[in-house]
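Asker: Below is the structure I would like to discuss, written out as structure tokens.
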Amino acid sequence: LGHSKCGAIGATVGGGQVHGCIGSIVAEIKSGIGKETESNAAENLNIIHQVRKIRDNLIISKAIKNGKVKVLGGKYDIVSGEVKFIDMLPMNPSEAEEQLILKNKEYIQQCQNSSILNNSIRLDLKEKGQHPYALIVSCADSRVPIEHIFNAGLGELFVIRNAGNVVGDFEMGSIEYGVHHLGVKIVVVLGHSKCGAIGATVGGGQVHGCIGSIVAEIKSGIGKETESNAAENLNIIHQVRKIRDNLIISKAIKNGKVKVLGGKYDIVSGKIDFILE
């Protein structure tokens, strides 16, 4: 928990001479804030740096993965008395994947979304814009509440939904936007068990209207598979490969800026398993 008008941060960004052991404190703060000279931003960077150090500890990281503890950063306003939690979004694709796994575990254990959703956060997002760390291409099924199953708050996830979690031009354009303009660190095609769109496709019955376009896209990925669970997996893999083959996305993958994975949500247990190709 840091705070506004922090003297230690002020002394560090001020760049003046320090004496004795105070120099050790300043050196540690500098290692986290880099060349930042604006006090408010430096206070936030220092908090984030210290949180990451704690999370990287062997014992603590193990406890985090096992869902026994959560490590957060907060900032106390010495005037208003309000504490705001600091945005701890993942810095790279591997961290983003770990975050999604951890958040899904939290959802299963808590049976609720524990994110803070208030006016302060909404105003902050309005002024600073959105910076989601993950993009989820999901089925529109009402039993798959994306923000809840990833225990996510406002501004954390960029979500694209349709029946069958399929990817066409509109979806691909949205994915390009998320990767290229918003800087998401991971893209997940998230299917689920008992998917109605897959069931309709493997069932082989007559479909009407634009639903036929969805069925045709699913068929192109599952081939002649008639078993629903296997077909669900094949559809996820097919959509993942389409995204990876996109020129903009493939370049971002090669540069280590994003990871594209497939996952499957169990509508009974609430658990997400990543699909191995």
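Just so you know, the numbers here start at 1 and follow the chain as drawn.
Quick reminder: no glycine exception, Cβ is built from N, Cα and C everywhere.
Got these off TrEMBL a minute ago, pasting:
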- Cys139, Asp141, His192, Cys195: Zn(2+) binding site (BINDING)
Asker: Here are some binding-site residues: Cys139, Cys195. Which one has the most Cβ atoms within 10 Å of its Cβ?
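Answerer: Sorting the candidates by Cβ neighbours within 10 Å, the top entry is Cys195.
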Asker: Can you name every residue in this chain, apart from Cys139, Asp141, His192, Cys195, with its Cβ inside 8 Å of the center of the Cβ atoms of the recorded Zn(2+) site?
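Answerer: So the additional residues around the site are Ser138, Ala140, Arg143, Val144, Gly164, Asn165, Gly191, Ser193, Lys194, Gly196, Ala197, Ile198, Tyr265, Ile267.
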Asker: Can you tell which of Asp141, His192 has the most other C-beta atoms within 10 Å, given these are the binding-site residues?
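Answerer: When each Cβ's neighbours within 10 Å are tallied, His192 tops the list.
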